[in-house]
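First comes the structure, then the notes that go with it.
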Amino acid sequence: MAPSFTWWGKETHRGTPVVVKMENPNNWSMVELEGPSEDDFLLPNDDVSSMSPYKREKVRNKNAKQLTWVLLLKAHKAAGCLTSIASALFSLTSVVRRRVAAGRTDSTDNSSTENPAVKNRFYTCIKIFLWLSVILLGFEIAAYFKGWYFSTSDLQLQYLYSLDFHTFANPLAVQSVFDWFYSKWVLIRVEYLAPPLQFLANGCIVLFLIQSVDRLVLCLGCFWVKMKKIKPIAKQGAMDLESGDGSGYYPMVLVQIPMCNEKEVYQQSIGAVCCLEWPKSRLLIQVLDDSDDPITQTLINEEVRKWQKEGANIIYRHRVIREGYKAGNLKSAMNCSYVKDYEFVTIFDADFQPMPDFLKRTVPYFKDNEDIGLVQARWSFVNKDENLLTRLQHINLAFHFEVEQQVNGIFLNFFGFNGTAGVWRIKALEESGGWLERTTVEDMDIAVRAHLHGWKFIFLNDVECQCELPESYEAYRKQQHRWHSGPMQLFRVCLPAIIKSKISIWKKGNLIFLFFLLRKLVLPFYSFTLFCIILPMTMFVPEATLPSWVVSYVPATMSFLNILPAPKSFPFIVPYLLFENTMSVTKFNAMVSGLFQLGSAYEWVVTKKSGRSSEGDLTLLVDGKPKHQRGVSVPDLEELREEIKEKEKKASRKKKHNRIYTKELALAFLLLTASLRSLLSAQGIHFYFLLFQGISFLLVGLDLIGEQVD
């Protein structure tokens, strides 16, 4: 027997409920609460046949009305989407117009110590390429409409040779000037331009593949570490300070906070370090202030005095002769007579906030391990989701810590010191020659020299120290210039020491070929040369070609591997790939200046901090929600409240400006010109790559990524 349903037990569908909200007659919206089901539009034959003709017509009308409402709703949503897109484009156009009207370019930056002639040399080369490409584009378009265009697959060289021979045999033959010029241009590029360009392209492809294999090996090593759960193991750690038995491993530790005009973040770093859980009699904090601003000096000194009153063992040092940047500052502090009483030194940059148990989780790794010279913690970022620029930086740095440093630390016991959030054995520093001011990467310098003296390093992936990422492209650009110029300076000066050192040949090869050449020189070289120069040139010299797998598949695979340590960043994989190629301009320029000791090789600009995390901490304090490891003394809440208000007033009065970056902008037009040329030869993947890469250069050149800069 078929199951019977009663009217009170049957769930009926009443179509799509639509709520019309009307706050006022001129402002209304519709909200769809439930989508229509098939039963709303199609009824079973039994039900239809059992209905009266009037009821059947009523149901049809009802369903038609519901469908009309749904279509209207969808149309309303589409109109709203189009309106938002139009509004975004309008605001973007306004921003670009303001950028151009302001006329502020990177060449107007007076803070740089670089020779203007040297600084503009690279930009001049790019402009030459751009103008040549524009001329050739016009030439190719004219040839295309005259029927003279030949793609690489059906280049009619015999026809061109016969045409030249016919002209030579019969000088009176009628031939247009354009035809003669175009035929000569094709023959010149076939015989003289294509071979060297193809040779250079093949060389860059080989370097690209070698670097990709190195990246793949690192990822496999990281996978092995995760699968086998390999991690450094410390000896018996420090005992609880509250136990009262006096036992535990508590060596003498010196903590240094080097800073220079860091008025946005000095409070958070000093407050966090003063809250480290370590016996006060075995801990000394040095605030190494290199500020040249008297107001900043006074503020930092007052902050140190407040913590001294709270019982912290902290001192303030300011150099009279400020030479050698950060390396000179650290070297001066290590020359103090009382340093000989300490066994370890910990360094925190001004924007770093260690957790209270930082020393308890790092120092025990030195116990009974006399060959350990450095214990390095990884960084975490308080503003990684602030804007697109910080998200892309987080992808790079997550790979650097999770893959590069962790794998090298476990399998090689060596990696580049990050300059902060690390604990050094003072004996290792002294035996390695101490801090030297010969490069702008003093942290990598001391790490290489310590490695040559046989010291081993440990990287702790599970110990994090909070810090801040640059939020503006200007600050990030200057940071990357220093990070890629310094290694090339260091390679020049330390190569003889590496060759003469007593370490194994395998370790020498790792330092020279992998650590320096492949990861510091080859990567920026091929990224810029292959994707920003050779690829556009192959559009105008189509006899030299780049395979599709070089343009798309291998870069996409490498980007996928890079983004694995930051899985939440997968939606940004395409912007990441394009932005990395965009940054290759800055990295290539820095690499060349460091390798050949050009004007900007020794340029040092302190990375601009926003103090975003410290502002949040102060706000919590003012609201009566103190954070012990980040806070400052309670009696000064009123003063802090006034200081926050004053900062907000000053910030609201400041007019913010953005710069136009000439190199990136010139390359944007070069790539977009090449993408137009690729349309003539119907090269699909090359066209899309050049188009989107040109757009990314355009966005960066107009400073539309990251925050505005004061």
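Easy rule for this one: first residue shown is 1, then count along the chain.
Every residue, even glycine, has its Cβ placed from backbone N, Cα and C.
A quick note: this is a predicted structure, and the numbers were derived from the prediction, not measured.
The transmembrane segment annotation in TrEMBL covers 128-145 (among others). Outside the transmembrane segment (128-145) by six or more residues, the chain places 178, 181-182, 185, 533, 536-537, 540, 666-667, 669-670, 673-674, 676-677, 680 with a CB less than 8 A from a CB of the stretch.
As annotated by TrEMBL, transmembrane segment applies to 199-225 (among others).
Here TrEMBL flags 345-540 as domain 'Glycosyltransferase 2-like'.
TrEMBL lists 511-540 (among others) with the feature transmembrane segment.
Taken from TrEMBL, the feature transmembrane segment covers 660-679 (among others). Taking Cβ pairs closer than 8 Å, the transmembrane segment (660-679) reaches residues 99-100, 103-107, 122-123, 126-127, 129-130, 133-134, 136-137, 140, 473, 477, 532, 535-537, 539-540, 582, 585, 589, 686-687, 690-691, 693-695, 697-698, 700-703 in its own chain, all 6 or more past its ends.
Listed as Cβ neighbours of the transmembrane segment (685-705) (distance under 8 Å, sequence separation of 6 or more from its ends, same chain) are residues 92, 95-96, 99, 387-389, 473-474, 531, 535-536, 538-539, 546, 548, 551-552, 574-575, 578-579, 581-582, 658-672, 674-675, 678-679. The transmembrane segment annotation in TrEMBL covers 685-705 (among others).
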